[in-house]
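Novice: This structure is in structure tokens; I'll ask about it shortly.
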């Protein structure tokens, strides 16, 4: 009888825990995805803060030339970063217990791998948590679908690209100037500016900013005015009313006259679908572009594609970009290569004899 009561008590504790996790009444929703999201994001954030402040220099290129990234080792907020895991580690799973000492783990950039893997798990669970809360509230799932765009982008630069290049040392550093360095080297090695998927991403981000500003300003400019207690609520907008707070007909009429009639949405659902889909699809394409360039399927190469009748090259902007790419390529990781990768990739001429 005692054992039976204990089982019931333990079951009720588990049941209460399940009810608490899945409840939609909590001030902050937990959800089953949150059970994994909370510890992974807390771990990633804590290690990031500690490493950004105090981590020793990291041998990123695996050539015994450590690069400093933390504040206590001479950096500021702009130049500081979590330095990627050493090329000597490659793609190996490198937790603390795999190193001979904590000093070795820090020297080889172990914190980067720890932060990135916990962060990616955490943001994926955040996306799952968005879906879970939507599901429990009877909503449609498109919030999580929209969030999949930045999740895909982060996964591309922190995981897919290192996998394609063979080392976590090629991942994006976790800092401001480190991000710029990653972008410059990526352009040098993959010609990303000439990749159509990157162009779609630029259109998505800039277009999304434009459409967001247009929508917000139009709605704000066509708000129905708030009424006072001395006039009828029918005369304008009353705080807290359930109906739409702006006049979409007025906004449609204004914008239709500003551009032309069919450039303006008169359907609120179509408008908001467009506002969500434009940047999301653009960022999806950019993430896909990074993931294909990870395996060296690079941007278009139009180098020396225009020649005169004598066969002499007439430079185009593609040739100017190519010259810049070569300059950036020979300058990065300057002590890790004896010659640029473009020269190294050429097969040696056959020798007959």
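Yeah, the Cβs are placed from backbone N, Cα and C, and that goes for glycine too.
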Novice: Give the range, chosen from 11-28, 29-46, that Swiss-Prot lists as transmembrane segment.
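Specialist: It is 29-46 that Swiss-Prot describes as transmembrane segment.
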Novice: Out of 82-96, 97-111, 142-156, 157-171, which range is noted as transmembrane segment by Swiss-Prot?
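Specialist: It is 142-156 that Swiss-Prot describes as transmembrane segment.
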Novice: Tell me which range among 274-288, 289-303, 304-318 Swiss-Prot lists as transmembrane segment.
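Specialist: That would be 274-288, the stretch labelled transmembrane segment in Swiss-Prot.
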Novice: Applying the rule Cβ within 8 Å of the centroid of the Cβ atoms of 215, 264, 265, what extra residues of the same chain belong around the quinone site?
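Specialist: In sequence order, the nearby non-listed residues are 214, 218, 251, 252, 255, 266, 271.
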Novice: List the Cα distance (Å, whole number) between residue 161 (site 'Tyrosine radical intermediate') and residue 118 (chlorophyll a ChlzD1 binding site).
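Specialist: Rounded to the nearest whole number, the Cα-Cα distance is 17 Å.
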Novice: Looking only at residues six or more beyond either end of the transmembrane segment (29-46), which have a C-beta under 8 A from one in the stretch?
Specialist: 20-23, 114-116, 118-119, 121-123, 125-126, 128-129, 131-133, 136
Novice: Should the transmembrane segment (197-218) and the transmembrane segment (142-156) be scored as in contact, given a threshold of at least 3 Cβ pairs under 8 Å and pairs 6 or more apart?
Specialist: no
Novice: Just checking: which of 189, 190, 198, 215, 264, 272 have a Cα that is within 10 Å of the Cα of residue 126 (pheophytin a binding site), counting only these recorded positions?
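Specialist: Matched recorded positions: none.
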